[in-house]
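K.L.:
The feature coiled coil is assigned by TrEMBL to 91-139. TrEMBL lists 201-220, 230-241 with the feature compositional bias 'Basic and acidic residues'. According to TrEMBL, the compositional bias 'Low complexity' annotation covers 280-290. Marked as region 'Disordered' by TrEMBL: 155-174, 196-241, 279-315. Feature annotation from TrEMBL assigns transmembrane segment to 16-36, 42-62.
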Amino acid sequence: MARGRHRVSPALHRRLAPFAVAGFSVAVAAGVWFAPAGPHDAVRRGMVAAAAAGALFAAVLMRRWDRSAGKRVADLTAARSRDEWRAEEHLAELESDVEEARAIRQRMEAELRAKRAELAKLRGEHAEVLRRYAHAETERARVLESRRRLAIEAATPPRAIAPPTAAPSAAPTQEAYRRAAAALLALPRNAARQQALRTVETARRREAAAARADGEERPGRHAQPPAGRPHPEPSDRGDRPVREHQLVPAVASAVLPYTQPPRPASRTMGGFDFFGTHKAAPAAPADPAPAGHPRVEHAPAPRPEVIDLTAHDETEQLDVRELRAQG
């Protein structure tokens with residue numbers, strides 16, 4: 001709808017010209033029809049000519065309107081077909097974009113699966129490298145421990161073998177029996193000591209391997225404290241009262257069950273002690289030995305050695321007084 005001061009209805013605007021031409025032609029024809037006959041033939045002819053001219057003008061106007069209407073219809077049809085073609089082309093482009101997006105999605109999903117598989121493979125390789133590193137550190141600690149033990153053994157001076165005082169005789173003497181008895185007494189003690197040393201060494205290696213695997217640089221529970229650092233007092237270990245003299249019998253009985261030497265049985269037969277363990281009353285000095293046989297002096301038997309493993313004890317001590325008070 002046109003906008004302005006003078007607004008005309010579209011229907012009236014379209015019908016005004018045809019109605020005006022038709023009304024003019026009808027009026028002229030009616031005037032010619034009802035005109036009186038007489039000397040006014042020229043007027044009739046003029047009116048007929050005007051009516052014919054109006055009809056011709058109306059035909060030309062109608063033809064022009066028909067052409068304009070046909071042209072407008074053709075333009076509208078072309079615009080419609082053009083819009084349909086554009087819509088179809090746009091729809092085809094959208095479909096191609098959808099197909100391309102699907103292809104890109106599939107390719108990205110394949111790449112994502114490949115990356116996930118590669119990441120899992122890298123994680124497995126990383127875990128394998130960590131295991132190899134832990135194994136290498138364990139082997140390195142084992143080699144260092146063996147070197148340390150070899151260095152300690154090399155630093156210890158070897159014991160000198162005493163030369164024989166007399167020519168060995170085929171018959172056993174009292175000194176041989178005494179040495180055999182001492183060896184038999186020291187055999188379980190030496191075995192228990194070696195077993196305790198092996199247990200402590202195994203615990204140290206296990207603690208060192210666990211510390212290296214966890215990436216922590218801390219000494220094991222069985223490691224000896226440094227020289228400048230004193231042993232922790234019972235008050236530093238917590239609220240539990242633990243005393244060193246209470247731990248010694250438990251450790252000695254648990255680790256070294258054969259530290260206490262058994263009481264030797266009397267092997268005296270006919271006044272002769274086979275192993276030299278019988279303590280007789282002091283007797284009168286014997287007669288001097290013959291010149292060809294030197295006098296044998298009796299050496300004191302070695303005292304049993306007790307190993308204190310209190311520093312390596314992991315037994316938790318309980319306060320019996322608190323338990324009795326709670327009961």
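Quick reminder: no glycine exception, Cβ is built from N, Cα and C everywhere.
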K.L.:
Where else in the chain does the transmembrane segment (16-36) make close Cβ contacts, counting only residues six or more beyond its ends and a cut-off under 8 Å?
P.N.:
43-44, 47-48, 50-51, 54-55, 57-58, 61-62
K.L.:
Can you give the mean pLDDT for the coiled coil (91-139), rounded to a whole number?
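P.N.:
That region's mean pLDDT is 95.
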